[in-house]
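**Student:** Take this structure first; my questions come after.
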Amino acid sequence: MDRFRIQDGKYVVEKEIGKGSFATVYRGHVTTDPKSHIAVKAVARSKLKNKKLLENLEIEIAILKKIKHPHIVGLIDCERTTTDFYLVMDYCALGDLTFLIKKRKELENNHPLLQTVFNKYPPPSKEHNGLNRAFVVCYLQQLASALKFLRSKNLVHRDIKPQNLLLATPLTNYRDSKTFHELGYVGIYNLPILKIADFGFARFLPSTSLAETLCGSPLYMAPEILNYQKYNAKADLWSVGTVLFEMCCGVPPFTASNHLELFKKIKRAHDEINFPEVCEVEDGLKELICSLLTFDPAKRIGFEEFFNNKIVTEDLSHYEVDENTELESKSKDLQESNMFVSEFLIKKRNQKGVSSRKDTEFIPKSKQEPMLDQAYKDETEMETGVKYGVNIAPEVYQNEMIDPEKLAAKLIAAKQLGSDEKLTNKNISHLLSSNSSRVNKLDKSNLSGKSDSSLDRDYVVVEKKAVEVNSLADDLAQANVGNNDEAVKDQNIKTLEQPHIQVHQPHNDIQNLQRAPSTTSGGTSSRRASLVERRLSISSLNPSNALSRALGLASTRIFGSSAQTNKNQTSNSTSPNYTQPLLNSQIFYDLTENLILHTETLNQPALINVDHAKGINEVIRILESLSAKAFVVYSYAEVKYAQIIPLPQAVIRASPALQFEKRLSDDSNPVIDEDSDEELDVQKNLSNTLLSETVNTRYRLRNDSSRNSYNKRNSFNKERFSFSSQGSNNSKRTNSYSSTLLPAEIISISKEAIVLYMKALQILAQSMKITSKWWYSCQEKICSLRLNILVQWIREKFNECLDKTDFLRMKLEEYENSKPGTHNQSPKSKISNDSNEDNVAEKVYLEKLLYDRALEISKYAANLELQGQNLHICELAYATSLWMLTISLENSPYTDQGEDEYDEFLKDTNDVLDSEDKIIIGKYIKSISHRLKMLRQKMAKY
C-alpha cells in the first residue's frame with residue numbers, strides 16, 4: 001500500500017506487517033528521523049460494532065498511557081479520527097516468542113542476527129523446540145520484571161502467552177551490559193529483548209479483589225478461569241508457568257481439543273507435570289514450573305515467592321563476558337533495513353528457488369492450524385492484537401488453499417470410520433460441525449509443535465455461556481437415569497402423548513430404547529403416530545425448511561444416518577458421559593415435531609424462577625416450550641444459511657445420510673414416491689413456491705399492501721431460481737445459491753440469518769439457565785431420561801448456532817469489506833452501487849422476519865387444507881406459524897435478573913411493535929389457532 005502520515009504528518013506509516021479482524025499493524029518511522037522506527041496499530045471504528053470491542057480498545061489505550069517499563073511494549077502516541085484509531089507503539093522487529101520456538105530451525109538458517117544468536121546460545125537438542133537455558137532464564141527474568149511492575153500498579157494482564165511476548169532488536173540504543181542495565185533492562189544484554197504486549201484484556205485488580213470474566217488463551221489459561229470461577233492476579237502466574245514450560249520443552253504443558261477437556265486434563269493431572277523424556281530440564285526450573293502450574297490458586301506460588309525465586313534472581317553476568325561486535329554489527333544492519341522477521345524467511349526461501357507465489361510461501365503455524373474450538377471464539381474478542389508477528393500481512397504470504405469439498409468429504413468419512421485423524425480446515429469446520437467440541441484429540445507425542453492444538457493461535461475470549469451450556473449438559477448426560485424409577489415411570493419418554501417411543505423395562509436396559517408399533521392417539525390432537533410410519537419425510541415441510549435442515553441434516557450429521565447405525569457406533573462426542581439413547585436421531589425427530597405441535601405450551605409466564613421444589617415436570621414443561629420456540633427460529637435461520645453456504649457435492653456423496661437428504665431436496669425420496677402423484681405435486685408446489693420466495697430478499701413481502709404484486713415477484717423468483725426436478729438442473733440446485741446472488745443480497749441474507757441465530761441462542765441459553773438453577777438446587781442429582789434428551793438437544797443446537805453465527809459474521813465482513821464492482825453482477829438484475837448500499841443498510845427486524853414468514857407458512861397451509869391433502873403437513877405448518885407469531889410478540893422472553901449477552905445483541909429488535917401491530921398479530925394468532933383446532937377435529941375423524 002502507499003505510505004500515509006498520521007498525527008499531522010508526525011509519523012510516516014509504511015508497510016503492513018500484520019492484520020486481524022479488527023486491526024491492521026503497520027511499521028513506520030518518525031518523519032524527522034527515518035531511523036526511529038515505530039509500529040502503528042490501526043483500528044477502524046466501523047469494525048468495533050459493539051461496546052465490548054470499543055471498551056477493550058479504550059482499556060488498552062488507558063493502561064498503556066499509564067505504564068512505562070522497558071519490558072512492556074510502550075504506547076508512544078495515539079490519534080483518534082472520525083474513522084480510525086491509531087496507536088503508535090514500540091516496534092519489535094523480531095516478532096514474538098513463538099518464532100523462536102516454532103520457527104527456530106528456519107531462523108537459524110535465514111535470519112542473520114538470530115543465526116548469530118543461536119550460534120552463541122545453541123539449542124539443547126535437535127529433537128525438540130526447547131530453547132537454550134540462556135534464553136529461558138533471561139526471558140523468565142524479563143517477564144518477572146514486567147509482572148512485578150504490573151503488580152505495583154494493581155494490574156492483571158490475563159493473557160500472558162508466547163504470542164503476546166514480543167522481541168525487540170538488541171544493541172540498538174546501547175552497546176554494553178552496563179548501559180543495558182542502566183536503562184532498566186534485566187537479563188542478558190546481547191539477546192533479543194522481551195516485551196509484554198496486548199493489554200486488551202488487562203484490568204486494574206487490587207490484590208484483594210476477584211474477577212470472573214472469562215478471557216485469555218485456552219492453552220495458557222489458568223484452570224480457575226477455564227472453570228469460570230472467580231480468580232485473582234495469580235491467574236497470570238499460571239500463564240507464566242505454561243510459557244516457561246514451552247520455552248524449555250517446545251510445547252505447552254497441556255493440550256486438548258476444547259476448553260472443557262483442557263480443564264479436565266489439568267484437574268486429572270493432580271499437580272503432576274510430566275516433562276518429555278527428550279527434554280533435559282534442570283531441577284530448579286522443574287520445581288519452579290510445578291509451583292506455578294498448581295491447580296489450586298491458594299496453593300500456587302505467590303508473587304513475592306516467585307519474584308524471590310533463586311532462578312528469577314540469578315546473576316546472569318557470566319553470559320555477558322564476551323564482546324559481541326558481530327552481534328552489534330548485525331543489529332545495526334537489521335535496524336537500518338527495517339525488515340520484519342518473516343521477510344527474511346521469505347527472502348531466503350525465494351533465493352533457494354522456492355516458488356514466490358503467495359500460496360506457497362512461508363506460513364507460520366498459527367496460520368497452518370485453524371482454531372479447533374471455534375464455537376467459543378466470540379466476536380467480542382479484541383482481535384486488534386496482530387502483535388507484529390502473530391498474523392503476518394497477507395502481502396507477505398497467503399495460506400495455501402485447500403479444496404473444501406475434499407476436506408468436507410474427509411470429515412464425513414473420518415466421522416463414519418471413527419478416524420482419529422485431525423482435520424484442519426476452518427471454514428469446513430464452521431460449515432459442518434454442529435458441535436465444535438466434538439473434535440478429534442491431539443497427538444501429544446509430537447514435541448516439534450506440529451500437532452499442537454491450534455487453540456494457541458491468536459487469543460480467544462472464552463464464550464462463558466458456551467462453557468456453561470456444555471458443562472451442564474455433560475453433568476446431566478452422566479446422571480444415573482436408571483436410579484430414578486419414579487421419574488422414568490412418570491415420564492416414560494412419552495414425547496407429548498407420543499406412544500410410539502417407549503423405554504423397555506427393566507429400566508437399566510436403556511440401550512434397548514426403540515420404536516413401538518404404530519398407534520393413533522385419541523382426542524382433538526390425534527394424528528398418525530410417527531413421521532416414518534406415515535410414509536412421509538419430515539422435510540416435506542419446506543416453508544421454513546424447518547424439519548429438513550434442522551432434523552434431517554443436522555441430526556444425521558451429528559448422530560449418524562439412523563438409529564440402528566448409532567447402536568453400532570461409538571459416540572463421537574468429546575464427552576465420555578454420552579449414552580446412545582441420548583444421541584438417537586429418531587428420538588430427536590419425534591421430539592422436535594411434537595414440541596411444535598404441542599401448541600398448548602405457547603403462552604408461558606414472562607419470568608420463571610424454578611427450583612427443585614417445583615418438580616421435574618414443571619422444568620420439562622418450560623423447556624419444551626422454549627425448545628419449540630428456539631427450533632422454529634433456528635429452522636428459519638437454516639433457510640438463510642443454506643442460501644449462502646450450499647452443501648458441497650462431495651459431502652453428499654460421502655455420506656449415505658446426506659444422499660438421502662439430497663433426494664428429499666430433489667423431490668425423489670422413495671418414501672414420498674409411494675404417495676399419490678397428486679400429493680407429490682402439492683408438496684412440490686409448496687416447496688418450490690415458498691423456498692424460492694425466500695431466496696431473493698429484495699422482493700420479500702414487506703407489508704400487507706405489497707401483497708397485490710406478490711404473484712409477479714414470485715414469478716420473477718421462479719425464473720431466476722429454478723427448482724424444477726428435470727434432469728441435470730436438479731442436481732446442480734444445491735450449488736446455485738451463492739453464485740447467483742448479488743453481494744448486496746448475500747449481505748442482507750447474512751444479517752437476517754445472524755439475527756435469527758442470535759435469537760435462537762438467546763432462547764437456548766435461557767433454557768439452560770433455567771435448567772441450571774433447578775439442577776444445582778437438586779440434592780439427588782438425578783433426572784429423567786426425557787429431561788436429559790431435551791438438554792442434549794438444546795446443547796447441540798446451541799453449539800451449532802454459535803458456530804454458524806461466527807461463520808456468517810466473517811462472511812459478512814468479507815463482503816462488506818469488498819470494494820464496489822469487484823463482484824460479477826447478473827445481467828438480469830444489475831442495480832447501482834447506491835441501490836446496493838441502501839439495500840445493505842436496511843435494518844433487520846426480528847419481529848418482521850418472523851411475522852412475514854409465519855403468514856407465508858399459514859397461507860400455503862390453508863391452500864393445502866382446502867385441497868384436502870397432506871393434513872399432517874398442514875397441522876405442522878399451522879403450529880409453526882403460531883410459534884413464530886408468538887415469538888414476534890415477545891420482548892426478551894423468560895428474562896431473569898441481569899442482562900444476557902444475546903439480549904444485548906438483540907436489544908435493537910425489541911419494542912419495535914406498537915399497540916396496533918400487536919393487535920394485528922393477536923388476530924392472526926386467534927385465526928390460525930381456530931384453523932388448527934378445526935383441522936385437528938377433521939384429522940381425528942380419519
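The backbone N, Cα and C atoms fix where each Cβ goes, and this holds for glycine too.
Just lifted these from Swiss-Prot, have a look:
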type     : residues                                                             : note
ACT_SITE : Asp159                                                               : active site, proton acceptor
BINDING  : Ile17, Gly18, Lys19, Gly20, Ser21, Phe22, Ala23, Thr24, Val25, Lys41 : ATP binding site
COMPBIAS : 435-452                                                              : compositional bias 'Polar residues'
COMPBIAS : 515-529                                                              : compositional bias 'Low complexity'
COMPBIAS : 819-834                                                              : compositional bias 'Polar residues'
DOMAIN   : 11-312                                                               : domain 'Protein kinase'
REGION   : 435-454                                                              : region 'Disordered'
REGION   : 505-529                                                              : region 'Disordered'
REGION   : 817-836                                                              : region 'Disordered'
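Provide an account of the burial state, proximal residues and distances for the features listed.
**Tutor:** Asp159 (active site, proton acceptor) falls within neither a helix nor a strand when secondary structure is assigned with DSSP, and so counts as coil.
Under the DSSP three-state reduction, Ala23 (ATP binding site) is assigned to strand. If you draw a 10 Å sphere around the CB of Ala23 (ATP binding site), it holds 25 other CB atoms from the protein chains shown.
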**Student:** Between Lys19, Val25, which of the binding-site residues has the fewest other CB atoms within 10 angstroms in the structure shown?
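**Tutor:** Comparing Cβ neighbour counts within 10 Å for the binding-site residues Lys19, Val25 gives Lys19.
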**Student:** Expressed to the nearest Å, what is the distance separating Val25 (ATP binding site) and Asp159 (active site, proton acceptor) at their Cα atoms?
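**Tutor:** On Cα coordinates alone, these residues lie 19 Å apart.
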**Student:** What does the structure give for the C-alpha distance between Ala23 (ATP binding site) and Asp159 (active site, proton acceptor)? Integer Å is fine.
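**Tutor:** Here the two Cα atoms lie 18 Å apart.
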**Student:** From the Cα of Ile17 (ATP binding site) across to the Cα of Asp159 (active site, proton acceptor), what is the distance in angstrom?
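**Tutor:** Cα-Cα, rounded: 22 Å.
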**Student:** For Ile17 (ATP binding site), what is the secondary structure by DSSP, using just helix, strand and coil?
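**Tutor:** For Ile17 (ATP binding site) - judged by DSSP and reduced to three states - the answer is strand.
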**Student:** Within the domain 'Protein kinase' (11-312), what mean pLDDT does the predicted structure show?
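**Tutor:** Mean pLDDT for the domain 'Protein kinase' (11-312): 88.
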